[in-house]
Ligand SMILES: Nc1ncnc2c1ncn2[C@@H]1O[C@H](COP(=O)(O)OP(=O)(O)OP(=O)(O)O)[C@@H](O)[C@H]1O
């Protein structure tokens with residue numbers, strides 16, 4: 001299906017405003033043609049000293065047509081813009097409603113800077129579809145046909161000249177504009193995407209770039225891309241201007257043609273001289289009405305690209321997720337089973353995970369340990385449905401993960417990821433993200449358990465938690481997760497930035513709260529793992545060892561060796 005079909009559907013919903021806008025545009029167009037034709041006729045008539053009442057009637061008609069033109073043009077603009085903005089707001093809401101549940105899938109494929117700039121730009125581009133592409137040709141054709149009919153009463157030859165002019169301005173000029181436009185617009189779009197990506201990188205990487213002395217160089221790069229974009233936009237505007245100039249040139253040619261043809265018809269006695277000025281004025285006005293046709297292809301192309309990209313974004317994400325499906329209950333215990341899982345990142349030559357089989361019975365406590373880059377966080381992504389395994393299957397409570405509603409998985413899981421996002425606002429607002437109703441006492445007690453006893457609920461959190469230390473961010477994320485009611489805990493290095501004493505205290509509170517729940521802890525440090533039912537050791541994407549703490553220590557294998565190294569590093573008494 002054509003992607004512009006979404007727009008056509010939105011237009012049907014605004015049909016009342018659209019019909020009024022088209023009617024207004026037609027009346028304004030035709031009133032303009034008659035206004036100038038009557039003026040031309042009035043000037044010619046005065047030469048023949050007509051009776052006063054003729055002049056009074058003609059001048060009143062000119063005034064009335066002027067008023068009618070202004071009034072109907074106002075109505076056209078009002079209703080066409082009202083329809084456009086209603087359509088845009090409807091498109092925005094439907095698009096964002098579709099996008100929000102699919103966001104993780106989309107973000108796996110695109111960089112956030114690209115995506116934001118693209119979505120905002122594309123939705124904005126769509127506003128031109130109706131205003132500059134869909135309805136102007138309808139009005140232009142209607143006004144032209146009425147004018148041709150009117151001129152044919154005076155001369156069939158002049159009417160034929162109008163038809164020829166209409167074909168040139170409606171098809172030939174737009175086709176010429178389109179040919180040049182194709183190359184320029186694609187180029188400008190690429191430059192705009194490059195600028196937004198570069199801008200996001202400089203903005204987010206500001207500190208690192210400054211520390212590594214790269215800021216000046218990247219700023220220069222940003223300026224170069226910006227200058228390229230400006231040059232591209234100038235070329236694009238120049239090309240549009242060329243189209244408009246071409247249109248004006250054709251308009252004058254036709255008017256000259258009317259003048260020459262009219263003069264010859266007068267000489268042959270086939271046209272009364274008093275109508276010549278009227279016909280010339282009619283031609284000037286009707287072609288002015290058609291000026292929108294010169295820029296139409298550019299806007300049409302832009303709208304088509306925007307609609308394509310918007311549909312592609314949603315479609316691509318849809319393929320990766322199942323918004324519908326069975327619901328995972330927040331009430332019952334959760335079992336998780338991974339069977340022969342393999343996973344390979346897009347564009348990577350080696351798999352991040354191979355032959356991963358793992359079972360987490362309801363209420364069990366499992367730790368996954370292993371060196372950095374061994375694939376631990378990838379397992380978490382797979383469990384949360386953020387990525388799909390290349391091979392194998394994951395079952396939660398014996399139901400295939402892809403058959404479960406993703407939102408219900410996230411609702412039933414208490415997750416702390418390595419990087420947690422915080423919003424600008426108070427600590428209280430960041431704790432109550434889902435709008436839950438907890439009293440301040442409960443919130444303060446939770447902050448205490450998470451190791452933030454000295455924080456006040458009304459303390460401000462800056463954008464992205466800029467005013468919090470890494471350890472505070474982790475503790476706030478832990479407090480947030482402690483307020484959730486899920487039965488599956490997935491904790492990806494939740495305490496890596498905490499000191500030993502705070503870590504043990506906070507983990508103690510988590511274990512106490514999760515006593516009956518299924519818990520998966522990913523960690524680097526091997527301290528306190530004797531409380532786990534099973535420890536899974538991962539290396540280079542494979543499970544190399546598994547068992548309880550005592551079993552693994554007895555085996556004296558990989559875990560035992562890691563434990564030995566850790567003992568040497570932190571001291572015998574702690575490890
Ligand atoms: N988005 C990605 N695209 C491509 N490769 C990735 C991506 N994310 C991770 N990887 C690669 O996959 C492998 C496993 O990464 P993962 O983050 O799961 O490891 P990890 O064990 O959690 O590491 P750490 O302990 O440092 O967090 C690594 O080799 C990493 O380079």
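The backbone N, Cα and C atoms fix where each Cβ goes, and this holds for glycine too.
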Which range of 211-229, 230-248, 249-267 is transmembrane segment in TrEMBL? It is 249-267
Relative to the transmembrane segment (48-68), the stretch among 18-42, 129-150, 156-179, 249-267 with the most Cβ pairs under 8 Å is 18-42
Outside the transmembrane segment (249-267), at least 6 residues beyond either end, the same-chain residues with a Cβ under 8 Å of its Cβ set are 155, 157-158, 161-162, 164-165, 168-169, 173, 273, 275-276, 279-280, 283-284, 287-288
Residues outside the transmembrane segment (129-150) whose C-beta sits under 8 Å from one of its C-beta atoms, at least 6 past its ends, are 4, 7, 11, 18, 21-22, 25-26, 29-30, 33, 37, 80-81, 83-84, 87, 159, 162-163, 166, 170, 282, 286, 289-290, 292-293, 295-296, 299-300, 303, 307
Over the domain 'ABC transporter' (336-565) the mean pLDDT stands at 90
